[in-house]
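Below you'll find the structure, written out as C-alpha cells, and then a few comments.
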Amino acid sequence: MDDLKAPSIDYAAVAPILILFGAACLGVLAEAFVPRRARHAVQLGLALLATVAGLVVVVTQASTRITTATGALAIDGPAVFLQGTILALALVSLLLMGERKLEAGGAFVPQAAITVGSEADTRQATRAPGLTEVYPVTMFAVAGMLLFVAANDLLTMFIALEVFSLPLYLLCALARRRRLLSQEAALKYFLLGSYASAFFLFGVALIYGFVGAVDLGAIHAAAAESDRDPLLLYAGLALLSIGLLFKIAAVPFHVWTPDVYQGAPTPVTAFMAACTKVAAFGALLRVLYVGFDGLSWDFTPVLGVIAVLTMIMGAVLAVTQTDIKRLLAYSSIANAGYLLVGVLASGEAGLASTMFYLVAYGFTVLGAFAVVTLVRDADGEAGHLSRWAGLGRRSPLIAGVFTFILLAFAGIPLTSGFIGKFAVFGAAIEGGQTWLVIAGVVSSIVLAFPYLRVVVMMWLSDPSDATPTVSVPGLFTTAALTIGVAMTLLLGVAPSLLLDLTTGAAEFVR
Amino acid sequence: MSSFPYLSVLTVAPLVGALVVAFLPRSRPDLAKWVTLAWSLGVLALTVALWVAFEAGGERLQLRESYPWIPGWGANFTFAVDGIALVMLMLIAVLVPIVILAAWHEADHSGRSVPVYFALLLALESTMIGVFAAADVFLFYVFFEVMLVPMYFLIGSYGGAQRQYAAVKFFLYSLVGGLFMLAAVVGLWVVGGHTFDWAALTEIDMSTGTERWLFLGFFLAFAIKAPFFPFHTWLPDAGGVAPAGAGALLVGILDKVGTFGILRYCLPIFPEASRYFAPLALVLGVIGIIYAALLAVGQNDLKRLVSYTSIAHFGFIGVGIFAFTTQAGTGAVLYMVNHGLATGLLFLVVGMLVARRGSALISDFGGAGKMVPILAGVLFFAGLASLAMPGTAPFVSEFLVLIGTFTVNKPIAIIATLGIVLAAAYVLWMVQRTVQGTPNPALAEVEGMRRDITLREKVVVAPLIALIILFGFYPKPITDVINPAVQATMEDVGATDPAPTAITEAAK
C-alpha cells in the first residue's frame, strides 16, 4: 500500500479547531478524574482557556489564505474571521453558562435522567450543583462550528454539521427549571434537525451524482462547464439549502426556533442564537459563493422569496408573542432574513456586510439573553412579558441596558444594529436587490412594534406585585452583559475598525 | 473665518449637560433645574457667538468642520450651516431655556425622577442642534432618528393620560418615515458613488426614475415629521398628552426638521423630482391648511386644538416651499421661525392654564379671564399671533408666502387664504370659550385658578412676546440671514422668480 499517503495538513492553520477538540476530549477526561467539588472550576477554566487560546491562534492566522487536508478545509479570510467571531461569542456564552450565583447550582440540571417530579428530582432541584458535562459538550459544539465554516467539501461540512448539532440537542434538554418543556424542546430540535441533516445529505448525494465530486471547487467548475441537464444539480442545491436554512431558522424551516429558544436553558439559547447563526451563515455563504456562484441567477429569486418571507413572518409573529424568549426567537428569525439579504447581495460587499451583521447581532443577542437570565422570581426566570411591567422603576440600570439592546434590535442609530442594517441594505441595493431592501424596511417597521412594547412595559407601566426582582448579577453575567452592551455601542459609534476587517476578510479561496 | 469648532461644540455641549444633570441626586430636584437652566443659557451664549461668526451673504455653507467617522463608507462628522439652519439653531437656543423655565414644576408630581426629565430636555436639544448642523446625510439621518428617543421618553414618561398610546404612535410614525428615508439614504449613497457629503450629493446625476423614488423616500420621512396632511394624525395625540415644555419643543422645533429637511435635502439633491412632485405637495399643503383648521374649530381639548393649528400652519410652510419663488420660500422659512415663537408661546400659555385647572377640556374653562386676567391677556396675544395678526411676526411670513405663491399659482394662493379666515375662527372661538364670558362656576372652586401669572411665568412669556412683536415690525435680521440660502435653494430647483426684488420691499 505504498500509494496511500496521509494528506498533508497545515497544522498551524487548523490549530484552533484542534485546540477546541482537544479541550473537549480533556474535558471528558476531567469529568472522570477530577473530584466533584473541583469539577466546575476546572471544567469552566479549561473551556475558557481553550476558547481564548483558540482565539489567539485565530488572530495569528488572520492572513492565511490556503486550502489544506487535500482541499477538505479552506482557511481563508471568511473562515478565519468567522472562526474568530464564533470563539469570541462562545467565550461570552461560556461566561453565561458558568454563572452559578443567580440560581443555586447554576442553570443546568444535576441529573437529567431523573424523572421529572419524582422525589429524587425535588431533592436535586433545590441545591445540587448542575452538570459540568455541559462544558466539554459545548467545546465539541464550538469545535464543530469552527470546522463547519472552514469546510471546503460537502462531506466535511456534513460531518461538521453533525458534530456541532448533536451537542446542541443535548444541551437544550438540560434546563434546571421547567424540565419537561426543556426536554420537549430538545426532542423537537433533535427530530427536526435530523430531518434537516437527512435533506442535506440527500442533497450532497444528488450533487455528487452530477459532479462526481463533493468539493466546492469541482462543483463550481461543473456548474460552469457542464452541458448536461442541470436538474440534478438544482435539486441537490435545493435539498442542501434546506439543511442550511433549517440551521439559520429561515421560513419555512423556522418552526423549531421559538420552542427550542424558550425551552432551552437561557445560556444555551444565547449560545445558539449567537454562535449557531454565525456557523450556519458561514457555511451558507461558502456554499453559495464558492460552489454555486455560477448559478446565482437561478437561486437568488428563490432565496430572495425565502428572505422576504423570513423577515415578514418573523416580524409579524414577534408582534403576537407574550414570552420574552419567544419574542427574541421570532426576532432572531427576522434577523436571519436581514442576514439573507446580505447574503443575496452577493459580491464582496454582500459578504463583508453579512459578516459584520453576524458580529453585531451576536453580541447584542448575547446581551439580551444575559438580561433575561437576570429578571427572575422564585420560580426562576420571569419570561412572561406582563411580568416585566414597571421594571424601569425597580431596576433602572437593567431596564436601561435592555432598552438600549432593544433599540439596537430596532436599528436606531448609534447602535450596532443600525450600522449592520445599513451595511446589508447598502450591499443589497448595490447588488440590484432593491426589492429585498423594501421588504426589509417594511418588516423593520413591523418589528419595531414588539420591541417598543417591551420598552413601554418596562418604563411606562407601573410596577405591580408580580413584577419580579432583578437578581444581582454575578461576576460572569456582569462580564457577559458588559461585553455585549459595550460591543453594541462601540460598533454603533465607531464601526470603522470592524468594517475594514470584514472588507479585508471578504474573499474566499477556491 | 474663525477656527473655533462652533458647531461640534454646540452639538455636544447639551449632551454633556444632560449627562451631568442625569446623575445629580434625585432628592435635590432644584439643583437639577438650576443646572439645566444655566447650561441652556450657556448654549444660548454659544449660539449668539455662532450667529456673530456667521457671515450673512457669504458662502452658502459656513463654519464647516469635518472629522472622519467611517472612512470605508465615506461618512464623516461634517457640520456646516446655511442661513436657514442658523436661524433654526438660534430658535432652539432661545426656546430651550424658556421651555426649561416653563417646565419648572412639570415633573414634580409625576412620581418620576426630576433630574432625568431635565436631562432628557437637554439631550433632546443636543439632537435637535445636531440635525440642523449636520452637512453629511448619514450624520443627519443619525440625529434624525436618535431625536426620537428622548422625545419618546418625555411624552411616554411625563405626559398626561393616554401617554403610552401617544408615545408609541409618535415613535412608530416617525420610525416608519425614518426607515423609508434610510432606504433612500442607502440608495443615494450607492447612486452617488459612496459619499454622504451634502455638497457632493447635490452635484450627482441620476436617472429620472431613481431620482423620483429617492425623493419620495426622503419626502415621506419629512412629511410625517412636519407633519403634512395626510401623515399628521400622530401630532394631535402626541401634542395633546405631551408635557407643555416637551410639547412646545415638539411643535416649535422638532416638526421644523421636516420642512428644513425638504429645503436642505429634497430640493437641492432632487431638483427634477421636486418640480415633478411640487403640484402634489402644494395640493397636500392646501388640504392641510383647510382640513386642519376645520378640525381645530371642532376640538374640545385645548392642547389638541393647538396641535391642529400647528398642522394648518405647516400647510402654509409647505405651500411656501413648493411654490418655488424666493418670496414664498423666504416666507416659509420665516414662518418656521415665527411659528416656533408664536405656537411655542401658545402652547406654553395653554400649558399654564391647563396646569392651573388640571384639565385641558375647553368646557372646563369659560370666563377664566375674570380670575387670571393677565394670563388671559397673554393667551389672547398668543392667539392673535397664531392667526397672523398684522404687527405680529407670523403675519409677515404668511403674507410673504401668499404673495409669493400668488405670483405663480393663483388658485392655490386663493384657497390658502381661506385658511386665514378659519384661523380667525378657531383662535377667537377658543379665546371666547376659555377666558371670556361669564365665569364657569366650577372654575371658582379650583385652587390653582386663583393665582394669576407668576413671576417665573412672566419671565417665560416676556421674551417670546417681545420677539414676536419685534419681528412683526422688523424681520430684517432674520431675512438678511435666510435670503441668500433661500435664493440658492430656489436656484437649485431652477425656480424662475417673477419678481425677486419684491422681497426686501415686502419685508420692510
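Note: Cβ is positioned from N, Cα and C throughout, glycine not excepted.
Note: TrEMBL annotation is automatic and uncurated.
Taken from TrEMBL, the feature transmembrane segment covers A:12-34 (among others).
Through the fold, the transmembrane segment (A:41-60) approaches residues 12, 15-16, 19-20, 22-23, 26-27, 30-31, 34, 80, 83-84, 87-88, 90-91, 94-95, 97-98, 132, 135-136, 138-139, 142, 146 of its own chain, all at least 6 residues removed from its boundaries and within a Cβ separation under 8 Å. Annotation comment: TrEMBL describes A:41-60 (among others) as transmembrane segment.
Among residues of the same chain six or more beyond the transmembrane segment (A:80-98), those with a C-beta under 8 A of the stretch's C-beta atoms are 16, 40, 44, 47-48, 51-52, 54-55, 58-59, 61-62, 64, 106-108, 134-135, 138, 142, 145-146, 149-150, 266-268, 270-271, 274-275, 278-279, 282, 355, 358-359, 362-363, 366, 369-370, 373, 476-477, 479-480, 483-484, 501-502, 505. What TrEMBL lists as transmembrane segment is A:80-98 (among others).
As annotated by TrEMBL, domain 'NADH:quinone oxidoreductase/Mrp antiporter transmembrane' applies to A:151-445.
Here TrEMBL flags A:157-175 (among others) as transmembrane segment. Beyond its flanks by at least six residues, the transmembrane segment (A:157-175) meets 107-109, 112, 130-131, 134, 137-138, 140-145, 147-148, 151, 181-183, 185-187, 189-190, 193, 197, 200-201, 204, 243, 247, 260, 263-265, 268, 271-272, 276, 279, 283, 287 of its own chain at Cβ-Cβ distances under 8 Å.
Residues or ranges marked as transmembrane segment in TrEMBL: A:187-211 (among others).
Beyond its flanks by at least six residues, the transmembrane segment (A:231-256) meets 154, 161, 165, 188-189, 192-193, 195-197, 199-211, 222-223, 276-277, 279-281, 283-284, 287, 292, 295, 298-299, 303, 306-307, 309-310, 313-314, 332-333, 336-337, 339-340 of its own chain at Cβ-Cβ distances under 8 Å. TrEMBL lists A:231-256 (among others) with the feature transmembrane segment.
As annotated by TrEMBL, transmembrane segment applies to A:268-289 (among others). The list of residues near the transmembrane segment (A:268-289) in space but at least 6 beyond its ends in sequence, with Cβ under 8 angstroms from a Cβ of it, reads 74, 78-79, 82, 85-86, 89-90, 92-93, 96-97, 138, 141-142, 144-145, 148-149, 151-152, 154, 157, 160-161, 164, 168, 171-172, 174, 216, 240-241, 244-245, 247-249, 260-262, 296, 299, 325, 328-329, 332, 335-336, 339, 343, 346, 351, 354, 358, 361-363, 365-366, 368-370, 508.
Residues annotated as transmembrane segment in TrEMBL: A:301-320 (among others).
Annotated transmembrane segment per TrEMBL: A:327-345 (among others), in sequence order.
Long-range neighbours of the transmembrane segment (A:351-375) within the same chain, counting only residues 6 or more positions beyond its ends whose Cβ lies under 8 Å from a Cβ of the stretch, are 78, 81-82, 85, 89, 92-93, 96, 99, 102, 107, 266-267, 269-270, 273-275, 277-278, 281, 285, 289, 324-325, 328, 332, 335, 338-339, 342-343, 345, 381-383, 387-388, 391, 398, 401-402, 405-406, 408-409, 415-417, 419-421, 423-424, 426-427, 468, 470-471, 473, 477, 480-481, 483-485, 487-488, 491, 495, 498-499, 502-503, 505-508. The transmembrane segment annotation in TrEMBL covers A:351-375 (among others).
The transmembrane segment feature in TrEMBL is assigned to A:396-429 (among others).
Residues or ranges marked as transmembrane segment in TrEMBL: A:435-460 (among others).
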| When only pairs 6 or more apart in sequence are counted, do the transmembrane segment (A:301-320) and the transmembrane segment (A:435-460) reach 3 or more Cβ pairs under 8 Å? | yes
| task | Report, as numbers and ranges, every residue of the chain located at least six residues beyond the transmembrane segment (A:187-211) whose Cβ falls under 8 Å of a Cβ in that stretch; write 'none' if there are none. | result | 154-155, 158, 161-162, 165, 168-169, 172-173, 218-219, 222, 226, 228, 230, 232-233, 235-244, 246-247, 253, 255-256, 259-260
